[in-house]
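Here is the structure we will look at.
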Amino acid sequence: MNGFTLVRWAVYADLGLLFGVPAAAILLGARQTLEFAHRSLLALAIISVPLAAMAFFLLVAQMAGTAISGLDPQLILDLLTGSTLGLSAIARSIALFAALVLLARPRSNPRWLVLPTSIATGSLAWSGHAAASEGWMSALRLALDITHLLAASIWIGALALFLAMLFHKSDSAGEPVITLSRFAGIGSGLVGTLFVTGLANLTFLVSPMEFPSLTGILYGRLLLLKLCAFWGMLALAAVNRFVFVPKLIRAGDIADRAALMRKLKLSIVMETVLAFTVLILVAQLGLADPSLS
């Protein structure tokens, strides 16, 4: 894994959290939790602008077959003003600046924050394989990719909120359990969305009849690892939903409840680690060649 992949991973993680945390907070009714995550979101917004710019320059350098120091300023200007890649980078920068301004204001409404951060996160679709098509197919692939990115970000944002609740000392020990129970239906919707959009995106790249052949190329092996991590997240989420949360709701003994909370914390941490592993693989998949020939 090279430096470019790490930068791409950092961008996916940063922008995913910037959109996912406030979006999940709105869906889950966890406004109070969002308030003590405000500083973390502000820090993410501050580093997002230079981070996204670095990712753009590294991508242009790779396309030009040179180092960043050797980039032609005219080439950068032409790409920024005359390509969808450049225009999406401009839109992303403007959206991130808007998010930074909103977060710089104390007690900013998370509903307003969701708008610019969704634009910034969705714009990442233009830096992947979905932007390679033309016409109606390009529009469809980009729409699928944007939906996939936003759904994944909400899941990651929800995990971040759960961790904040579980490890933050609060007068209401039952709040994380209540919020997790609310996530049940939302989580099912996110999983369905990710499955449908992910499968649709893959069929644009490779014919379903050729899926077994993907294991012979780097792209296919990375995709298989991503799917394994995704199913691992799904398994942990199922354990949380059907085992830990119901037991915590019924638990009356303090010692039993404490033991269950420790198990729940470990499960959420493991799910979060897998989520960021998925992002690393996504960063690599965007640079790998999906061609079987």
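Cβ atoms are placed via backbone N, Cα and C, with glycine included.
According to TrEMBL:
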type: TRANSMEM; residues: 6-29; note: transmembrane segment
type: TRANSMEM; residues: 41-64; note: transmembrane segment
type: TRANSMEM; residues: 84-104; note: transmembrane segment
type: TRANSMEM; residues: 111-129; note: transmembrane segment
type: TRANSMEM; residues: 149-168; note: transmembrane segment
type: DOMAIN; residues: 179-284; note: domain 'Copper resistance protein D'
type: TRANSMEM; residues: 180-202; note: transmembrane segment
type: TRANSMEM; residues: 222-245; note: transmembrane segment
type: TRANSMEM; residues: 266-287; note: transmembrane segment
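Under DSSP, the residues of the domain 'Copper resistance protein D' (179-284) split into helix, strand and coil as follows: 100 helix, 0 strand, 6 coil. With respect to Cβ pairs under 8 Å, the transmembrane segment (84-104) is most closely packed against 41-64, considering the stretches 6-29, 41-64, 149-168, 180-202. In the predicted model, the domain 'Copper resistance protein D' (179-284) shows an average pLDDT of 91.
Remote same-chain partners of the transmembrane segment (111-129), defined as residues 6 or more beyond its termini with a Cβ less than 8 Å from a stretch Cβ, comprise 8, 11-12, 15-16, 18-19, 22-23, 26, 41, 48, 52, 55-56, 59, 84-85, 88-89, 91-92, 95-96, 98-99, 102-103, 142, 145-146, 149-150, 153, 201, 205, 286, 290.
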